[in-house]
Amino acid sequence: MMDDMSAHQSVAAALDAADPLSTFADRFSPGPDGVIYLDGNSLGRPPKAVQAAVRDLMEREWPTDLIQGWDRWIDLPTAAGDLLGEAVLGARPGEVLVCDSTSVNLYKLAAAALDAAPAGRRVLITDNDNFPTDRYILEGIAHSAGARFQLIDTDIDEGVDPGVIADAIGDDTALVCLSHVAYRSGALADMRAVTEIVHAAGGLVLWDLCHSAGSVDIDLTGDGVDLAVGCTYKYLNAGPGAPAFLYVRRELQQRLRQPIWGWFSQADQFAMGQEYRPHDGINRFAVGTPSIPGVVAVKAAVELVAEAGIAAIRAKSLQMVAHAHALCEEQLAPLGFRVATPTDPQRRGGHLTLHHERAWQISQAMRKANVIPDYRAPDRIRLGFAPLYNSFSDIDEAVERIATIVRTEAHLSFSAQPSRVT
Ligand SMILES: *Cc1c(COP(=O)(O)O)cnc(C)c1O
């Protein structure tokens, strides 16, 4: 008779054998030996195609083409945006631009929405568990525009409750900005329901897709979303600090004017005219010269995701979270862990969050044991599963190493004081 552990191993082996995405792991640069990387939700691993594309730019295109390279490079941010829109976001051509950072894009779009709101709509709403940069930027916009910043309450495990939003908004709301997947718990918000609630009250909605782009199947068009931003270095694997993206629904573009009147947003940029006249299309949300190594990386990274298909990625992601959840309930719950991610698959993103009162010490011991998670204050460990390179067996091995750490109290020899970068 099999014991529990080997029964699970056979489950994992069967899931791996049936995994249609299993060959994609070879498309990534090999990681250090023996390391189980469960932090693709913070920084994805490097796809070989991204490395090759950046190398080609550096070693061939730039040295050969020099300034003439711009004849092609100038259109890359919209080309990469269209590809991302089609393959990952459910957006139409001309609605997505790859540029700047998520923080800067959020600033541009939220400020534009406030500026375009009818008189009397002067409130910006987000939730108190939204990612810090989102809260700070909205508060900063409200501060400089003389508008009001309103925080609604969100349970840090369950995520955004549409009912709380419905209660909070009214005829003074200009914009509601929320994260699609909560960075801490991995709770998935109901994009369509929330968007409808905001629209019924006459406001605009801005979704932060950082933790869902490349992991969850998103339908910005179908869900009627107005605005969105997100990064490309998490599940999209474009590399540390790779440029972010912004999305503006086609029908809204002419009405919105972003606050940074850079020359890349000018209608006839190279006429170098006296007067600022914003571009007709998505380029009106650009600012200055794009990072071409960054955009090249994004394009190659998105091509890989497109090849795998976001539906297959989402299907495997949900299976991975469910498999990990079952294992954690069985093997880690008796050791003081609690799963802090919603149990309903419809309400989950791509990572599983564990609560433990010694989470920081355990996360350090995990790194020592070659399992890389990340820690989020105050007492959470996130296990991020990247369907393109993690296997089900990785999950079993990781859970077993975590259980061993806690059982042998190996974590108690690590500092209880979190370091600057967690
Ligand atoms: C990672 C993340 C960001 C990051 O913003 P940057 O400008 O790239 O630093 C923003 N919002 C959310 C929800 C994130 O998870």
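Positions of Cβ are set from backbone N, Cα and C atoms, glycine also.
These features come from TrEMBL:
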- Thr102, Ser103, Phe131, Pro132, Thr133, Asp134, Asp208, His211, Tyr233, Trp263, Thr289: pyridoxal 5'-phosphate binding site (BINDING)
- Lys234: N6-(pyridoxal phosphate)lysine (MOD_RES)
Cβ under 6 Å from ligand 1: qualifying binding-site residues of Thr102, Thr133, Asp208, Thr289: Thr102, Thr133, Asp208
Among Phe131, Tyr233, the one of these binding-site residues whose Cβ has the fewest neighbouring Cβ atoms within 10 Å: Phe131
Proximal but sequence-remote residues of the same chain as Asp208 (pyridoxal 5'-phosphate binding site) (Cβ under 8 Å, at least 6 apart): Thr102, Leu106, Asn130, Phe131, Asp134, Cys177, Leu178, Ser179, His180, Ala228, Val229, Gly230
Pairwise Cα distance maximum in Å, pyridoxal 5'-phosphate-binding residues per record: Thr102, Ser103, Phe131, Pro132, Thr133, Asp134, Asp208, His211, Tyr233, Trp263, Thr289: 31
Thr289 (pyridoxal 5'-phosphate binding site) and the residue listed as 'N6-(pyridoxal phosphate)lysine', distance between Cα atoms, whole Å: 23
Candidate with sparsest Cβ neighbourhood (10 Å radius) among Thr102, Thr133, the listed binding-site residues: Thr133
Neighbourhood of Thr289 (pyridoxal 5'-phosphate binding site) by C-beta distance under 8 A, where only residues 6 or more apart in the same chain count: Phe264
DSSP three-state assignment for Thr133 (pyridoxal 5'-phosphate binding site): helix
Neighbour tally for Lys234 (N6-(pyridoxal phosphate)lysine), based on other Cβ positions within 10 Å of its Cβ: 28
Structural state of Thr102 (pyridoxal 5'-phosphate binding site), classified by DSSP into three states: helix
